[in-house]
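Read the structure below first, then the notes.
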C-alpha cells in the first residue's frame, strides 16, 4: 500500500504501525494531545494554525523550485519556497489576532501584530529549502514565547518542527517531553511516538568547511571518528537533527576561523531545536555552555551549536 503523493499516511497504516511496534497503545491526534496537555486555548490554536500549513507548503514544492532573486537578512539567497512559506504562515497568524509579534528568518525585523495578544512566534519557515530541487527532506521550525520575541530559549512555551520527507511529521514539546505525529491522508496529525528520548549514539554531522574548523572542533571530531562515529550531514539542520533524535549522536555547526559566531541563528533555529533536544533528555551548547540560557540582543543573532546526546555535548564542553 502507498501513502498519497504528498507524503500523507493512510490511517489504517498508522494503526498497524502502532500496534505492531508497540510504540503507542491508543491513537491520539495532535488536537487531543494539546487538550490532554492542558495547553492554553490560544497557544493550542496557534500551534494548530501553523501545523495546518504543512499540507499547502508541501503541495507548493512542485511549482516553487527556483531561487527568488532576493536575499534574506543574513545575506543568503532566498528560494521561492522560502518566501512562499514565510508569507503563508505570517498571513495566517496575522489574520488570527492571536499573535503579538513574529520573527522569521526570512524577514529583516520583528513584525508586530496584535499588541494585546499573549504569544509571539519565531520561525524558520523552510529550513534546507535548497534541497527541494533534489528531493531531500526539509522542514519548518517554530518556537512560541509568552510575551516578546527576544527571550532565552529556556523560556519557550512550545517548540515544534514539521518535517517534509517520506512522511509529513510534526515533532513537538510543550515543556513536558517530546512527541511525534504524522499526517494521515485526511490531513490529521496522528501520534506516532511519545516520550521520545535521545539515546547515546555515534551519528555526527558537522557544518563548515574542514579547513576552516578551529583546533577545538578538529580535536572533537577526530575523537568521534576514532570511536566509530558515522557522518550524517545533509545541509538541512532540522532533518539532520531528526536523525540524532532517533539514533543519538551530535549535530554541530561550530565556530570557524572565518566566523566565530558560526552560521545558524539562535532565535529561529537553535532555540526551538535545542529546547526539543533537552526535553528529549539531550543537551545543546555553544561549545562552552547551554545556548538556551543566552538572551538574544538582536533577532538574527548567530551562535555556534552542538546539539544531541548528553554525553556528546559533555565531551565538547570538556575540551579547553
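Cβ coordinates come from backbone N, Cα and C, glycine included.
Feature annotations, reproduced from Swiss-Prot:
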type	residues	note
BINDING	105, 124, 126	Mg(2+) 1 binding site
BINDING	124, 127, 269	Mg(2+) 2 binding site
BINDING	127, 128, 129, 130, 233, 263	substrate binding site
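Structure coloured by features recorded in Swiss-Prot.
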residue: 105; record: Mg(2+) 1 binding site; DSSP (3 states): coil
residue: 124; record: Mg(2+) 1 binding site; DSSP (3 states): strand
residue: 129; record: substrate binding site; DSSP (3 states): helix
residue: 233; record: substrate binding site; DSSP (3 states): coil
residue: 263; record: substrate binding site; DSSP (3 states): coil
residue: 269; record: Mg(2+) 2 binding site; DSSP (3 states): helix
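In sequence order, 105, 123, 128, 139, 140, 141, 237, 238, 264, 265, 268, 273 are the same-chain residues whose CB sits within 8 A of the CB centroid of 124, 127, 269, the residues recorded for Mg(2+) 2 being left out. Comparing residue 128 (substrate binding site) with residue 269 (Mg(2+) 2 binding site), their Cα atoms are 11 Å apart once rounded.
Within its own chain, residue 126 (Mg(2+) 1 binding site) has 57, 79, 81, 82, 85, 86, 138, 139, 140 as residues 6 or more apart in sequence whose C-beta sits under 8 angstroms from its own. Residue 130 (substrate binding site) is surrounded by 17 other CB atoms, counting those within 10 A of its CB over all protein chains shown. Remark: residue 263 (substrate binding site) has 207, 208, 253, 302 as non-local neighbours, by Cβ distance under 8 Å and separation of at least 6 in sequence. Same-chain residues that are not part of 105, 124, 126 yet have a Cβ within 8 Å of the Cβ center of the Mg(2+) 1 site turn out to be 82, 85, 86, 104, 106, 123, 125, 127, 129, 140, 141, 268, 269.
Within 10 Å of residue 124 (Mg(2+) 1 binding site), as judged by C-alpha distances, the binding-site residues found are 269; the full candidate list was 130, 233, 269. Cα separation, residue 130 (substrate binding site) to residue 105 (Mg(2+) 1 binding site), rounded: 15 Å.
Across the structure, residue 127 (Mg(2+) 2 binding site) and residue 105 (Mg(2+) 1 binding site) place their CA atoms 9 angstrom apart. For residue 269 (Mg(2+) 2 binding site), the same-chain residues that are 6 or more apart in sequence and have a Cβ closer than 8 Å to its Cβ are 105, 124, 127, 141, 237. Counted over every protein chain shown, other Cβ atoms within 10 Å are most numerous around 124 among the binding-site residues 105, 124.
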